[in-house]
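Here the structure comes first, spelled out in structure tokens, and everything after it is commentary.
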Amino acid sequence: MRKLIKCVILVGALLIGLFAPMTSQASSKDYTSFSATPIFGGLPLQKGKEYFAIRAKPNHEYQLPILLKNYGAYPMKVRLTLNNATTTPTGNISYDDPKALVNRRSAVSKQVVGKLKKEVTLQPSSNQVVRYHLKTNTKIVGTELAGITATGIDPAENNKQVNSLASYVIGVSLSEQDALKLDRLKISKIESGNYNCSNAFKVTISNNYPQLIQHAKMRVKIFHGGRLYQSKEYPDINVAPNTPLACVIPHKNLQTGKYRMDVNIQSGQQKVRLHQTFTPLKLSNQARSHEPLMIAVLMTVEIWIIFWICRMIYHKKKNKKN
């Protein structure tokens, strides 16, 4: 029996080590001392912008130079990637999705001549200029937005396991005009469900127009039975062109019947009011989360695996003695 207990402990330790998250030691080399800076000279930029905010003309070509500098004492790679912009649920703009708007003909990525990904190696205390070449379409409407992310990489790392130690993001916009058209915004969907482990409404506001909304204010009010049921303010939201904005508004004590949602958005001098009535699905007041159940199931499976392995080893040794 003692041998069986020792066997259980040994196999358990091996399994824990096998399934434990793997960690890697940080490199002692300093690869964070690099910079990526846009060079604006000669470009028709919008006033006051600190990125490639180009007042674009149809059927024109533009060069976007980026100065890369390595201040460190070791060689390093810098990987540059251009992705179209998307809008996050928190009202921010992201350039992390390589599949964003890839089928849209007027997207910035579709107007790039050459590769969207570039990679260079910088020697210690050196610099290099990398250029993106754009050729605009025959027609430009509104604004198209993308971002170039420059990431520092340890040359010793495998490309499949990139060690991203530092990064810069440089925006790229092609604009025919600056005017917003907030009246193009629409409430496309209102849902009720469990979001982030709490019961909430989720409202999706469509922006099916090439307009870039920056630093706007939004207030959402929900009414039930003629009374204010819930409200939430967003003091600073940003919406990328041709992408939706999804907001989550927690609620309690959801009752049956019709609700009305009012959404007020202001950007500069422009204002728009959106409203829609809806009937939500009633949920339990207690937030549901399946994560604890999954953890319990996995732990039970692991215990049974340990038990059966140890049982087989024990009987095998016992049979040998006999």
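Cβ coordinates come from backbone N, Cα and C, glycine included.
What TrEMBL lists as domain 'WxL Interacting Protein peptidoglycan binding' is 34-149. In the predicted model, residues of the domain 'WxL Interacting Protein peptidoglycan binding' (34-149) average a pLDDT of 92.
Positions annotated as domain 'WxL Interacting Protein host binding' by TrEMBL: 158-279.
According to TrEMBL, the feature signal peptide maps to 1-26.
Look at TrEMBL and you will find 293-314 tagged as transmembrane segment.
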The domain 'WxL Interacting Protein peptidoglycan binding' (34-149): DSSP-derived helix, strand, coil residue counts: 4 helix, 58 strand, 54 coil
